[in-house]
Amino acid sequence: MGIHGLTKLLGDNAPGCIKETKFENLFGRKVAVDASMHIYQFMVVVGRQGDQLLTNEAGEITSHLQGMFFRTAKMLEAGIKPVYVFDGKPPQLKQDQLAQRTERRADANEALEKAKEAGDQEAIEKYSKRSVRVTREHNDECKRLLRLMGVPVVEAPTEAEAQCAEMAKSGLVYGLATEDMDALTFGAPRVIRHLMAPSSQNVPVQEFDREVALRELELTDDQFIDLCILMGCDYCGTIRGIGAVRALQMIKKHGSIEGMLKELDPAKYPVPEPFPHKESHEFFKNPEVTPSAEIPPLKWTAPDEEGLVQFLVNEKQFNEQRVRNAVGRIKANKTKANQGRLESFFTSLPKPATADKAKPKEDDKKRKAGAAAGGKDAKGGAAAKKGKFGVGGGKK
């Protein structure tokens, strides 16, 4: 579900945290991908005709494999290094949300049958999308596919987005690709949206910078988490009458949900029962994840062409020529991708000490006077500092 209205709130109140970029600008980047969310999207969109999903001759659904194979191939061709992270066991806090989803899916199935009886094609497509359910088999098939493609797979203890955020915070990956904005709430420094969008949609890739978002919103980390909980998340109900704008106002005024509740008029803003905002805050701040140091080394290997043909063509009835062509493009671009980005060959230097800033102004005057006296005859100067890539001798 993500965080209700967070994208718009950031666009209106922290526009500097959003940057549009091009797909190819992520060349050489390691990107953690929320696998479960994207598999669901593939099931909803890829190859759909009315209420019919893409299937093979045996009637087995293949929409998830079609989407996963060709979108992943596109990233690999562009030199992007994806690592797919799959959901583990849902946290206890999410049980109510999952129960609601099951109920909504049942309602959608009932509405779908009525739409079929009425011959309402628009309603048929609408409710069939709402009734989609990703099974363990779909996930396992995608894991098999990715391993055949030479792409690493990570299985999260609980939420994939929390695991992705851990990997991004530690520097194991550049950022995480998802459409759910609660990745920022989990602490991901950089969230990438629309990376998996089909080219036909012509949607620009967006990067969200968490540090800039907090700075422009003028919120601390804890306040940002409380803001997201108030706006609506998977782990806690919402307070009727408090939307995104009012949530931001209240967090800025009271500093926290706890402080807000002490002064809230329950007649005007009824608080649901239960309202596990403290537990939700703790889960966002300290989710159950595998520490990056304990994740096996991420390796991107050459695709197993014959293994992919066996799986996709012989078992799932994919077009063999399309599969082989995609594998050929991946192999052709693998050497280029392995060269990496230019900045990966440079080591960042520590920032210079700032203790001199506290020295008396008299010392500054003496230094300036000395520079003025000897500057004209000194050799080197600014020109001597110019390196191979320009001023400073390095290129970021």
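Cβ coordinates are placed from backbone N, Cα and C, and glycine is handled just like the others.
Feature annotation from Swiss-Prot assigns Mg(2+) 1 binding site to D34, D87, E159, E161. Marked as DNA binding site by Swiss-Prot on the basis of sequence analysis: R71, E159, G232, D234. As annotated by Swiss-Prot, Mg(2+) 2 binding site applies to D180, D182, D234. The compositional bias 'Low complexity' annotation in Swiss-Prot covers 370-384. Under the heading region 'N-domain', Swiss-Prot lists 1-105. The region 'I-domain' annotation in Swiss-Prot covers 123-254. Under the heading region 'Interaction with PCNA', Swiss-Prot lists 338-346, citing sequence analysis as support. The region 'Disordered' feature in Swiss-Prot is assigned to 341-396.
Among the listed binding-site residues, namely D87, E161, the Cβ with the most fellow Cβ atoms inside 10 Å is that of E161.
Here the binding-site residues are D180, D182, G232, D234, and the one with the most other Cβ atoms within 10 Å of its Cβ is D182. Here the Cβ of E159 (Mg(2+) 1 binding site) has 29 other Cβ atoms within 10 Å, regardless of which shown protein chain they belong to. Excluding D34, D87, E159, E161, which define the Mg(2+) 1 site, the same chain contributes S36, M37, V85, A156, A160, A162, Q163, C164, T178, D180 within 8 Å (Cβ to the Cβ centroid), listed in sequence order. Among the binding-site residues D34, D87, E159, E161, D180, none has a Cα sitting within 10 Å of the Cα of D234 (DNA binding site).
Of the recorded residues, G232 (DNA binding site) and D180 (Mg(2+) 2 binding site) place their C-alpha atoms 12 Å from one another. Here the region 'Interaction with PCNA' (338-346) has a mean pLDDT of 52 out of 100. Across the region 'N-domain' (1-105), DSSP classifies residues as 55 helix, 19 strand, 31 coil.
Per DSSP, the secondary structure of the region 'I-domain' (123-254) breaks down as 68 helix, 15 strand, 49 coil.
Once the Cα atoms of R71, E159, G232, D234, the listed binders of DNA, are compared pairwise, the greatest separation found is 30 Å. Each of the binding-site residues D34, R71 was ranked by the number of other C-beta atoms within 10 Å, and first place falls to D34. Distance noted between the C-alpha atoms of E159 (Mg(2+) 1 binding site) and D180 (Mg(2+) 2 binding site) is 12 Å. Proximity note: of the listed binding-site residues (R71, D180, D182), D180 have a CA within 10 Å of the CA of D34 (Mg(2+) 1 binding site), given in sequence order. Rounded to a whole value, the Cα-Cα separation of E161 (Mg(2+) 1 binding site) and D182 (Mg(2+) 2 binding site) is 8 Å.
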